Amino acid sequence: MYQDKILVRQLGLQPYEPISRAMHEFTDTRDNSTLDEIWLVEHYPVFTQGQAGKAEHILMPGDIPVIQSDRGGQVTYHGPGQQVMYVLLNLKRRKLGVRELVTLLEQTVVNTLAELGIEAHPRADAPGVYVGEKKICSLGLRIRRGCSFHGLALNVNMDLSPFLRINPCGYAGMEMAKISQWKPEATTNNIAPRLLENILALLNNPDFEYITA
């Protein structure tokens, strides 16, 4: 079925705000004939504060901008070396509930890490994916008119020190991890294709078209 097809956009390294605006515009103007899209992107350093975010969880942002976001969740950090995947899906058309989508995204990351020999798991009390007690992937979604936007952020080979300036996702002392701690050769270039392959498998392997910026 044609509408089952997904457009995959590799956007490279981009500032947060223009991508966020584009994502909102796409979601606001899409209709039932609009193909779903997955955007793969890295962001320049930025803290984003989710809808549930509290100012006290931003400890000392320093020179890194803080931007309000309408995704679910609390504050997180994006920076180069972190693979962000935005999922712009018509949930009604794909017969997916919100909880099912969260589980699907978490499983995408768990499966990707398993291929690398890294044992990871989701947590019922704190969305995202963890290796031991350390968080390696953050998750934040918004649903509008039955369509999802925002998505996940997987730490690949980034500088983790900016996370010390916040309480990640509202948890004081939450330790963060990245793939390169176990796989020094990991980069977003070699992780993104695995991530994409795993999410498409969980979406029942729809046709897709890959577009580079």
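Using N, Cα and C of the backbone, Cβ positions are placed for all residues, glycine too.
The shown structure was predicted, so the numbers you read here are calculated from the model rather than taken from an experiment.
Taken from Swiss-Prot, the feature domain 'BPL/LPL catalytic' covers 32-207, and the record attributes it to sequence analysis. Taken from Swiss-Prot, the feature substrate binding site covers Arg71, Gly72, Gly73, Gln74, Val75, Thr76, Tyr77, His78, Ser138, Leu139, Gly140, Gly151, Leu152, Ala153. Swiss-Prot lists Lys135 with the feature site 'Lowers pKa of active site Cys'. According to Swiss-Prot, the feature active site, acyl-thioester intermediate maps to Cys169.
Sequence features, as recorded in Swiss-Prot, placed on the structure.
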residue	record	DSSP (3 states)
Arg71	substrate binding site	coil
Tyr77	substrate binding site	strand
Lys135	site 'Lowers pKa of active site Cys'	strand
Gly140	substrate binding site	strand
Leu152	substrate binding site	strand
Cys169	active site, acyl-thioester intermediate	helix
Inter-residue C-alpha distance, Ser138 (substrate binding site) and the residue listed as 'active site, acyl-thioester intermediate' (nearest angstrom): 8
Mean of pLDDT values spanning the domain 'BPL/LPL catalytic' (32-207): 96
If the substrate binders are Arg71, Gly72, Gly73, Gln74, Val75, Thr76, Tyr77, His78, Ser138, Leu139, Gly140, Gly151, Leu152, Ala153 per the record, what's the largest distance between their Cα atoms, in Å? 15
From Arg71, Gly73, Val75, Leu152: binding-site residues whose CA lies within 10 A of Cys169 (active site, acyl-thioester intermediate): Gly73, Val75
Which residues of the same chain, at least 6 positions away in sequence, have a Cβ lying under 8 Å from the Cβ of Gly140 (substrate binding site)? Gly50, Ser69, Arg71, Gly72, Gly73, Thr76, Pro127, His150, Gly151, Leu152
Cα distance, Lys135 (site 'Lowers pKa of active site Cys') to Val75 (substrate binding site), nearest Å? 14
Under 8 Å between C-beta atoms and at least six apart in sequence, can you list the same-chain neighbours of Lys135 (site 'Lowers pKa of active site Cys'), or say none if there are none? Ala126, Gly128, Val129, Pro168, Cys169, Met174, Glu175, Met176, Ala177
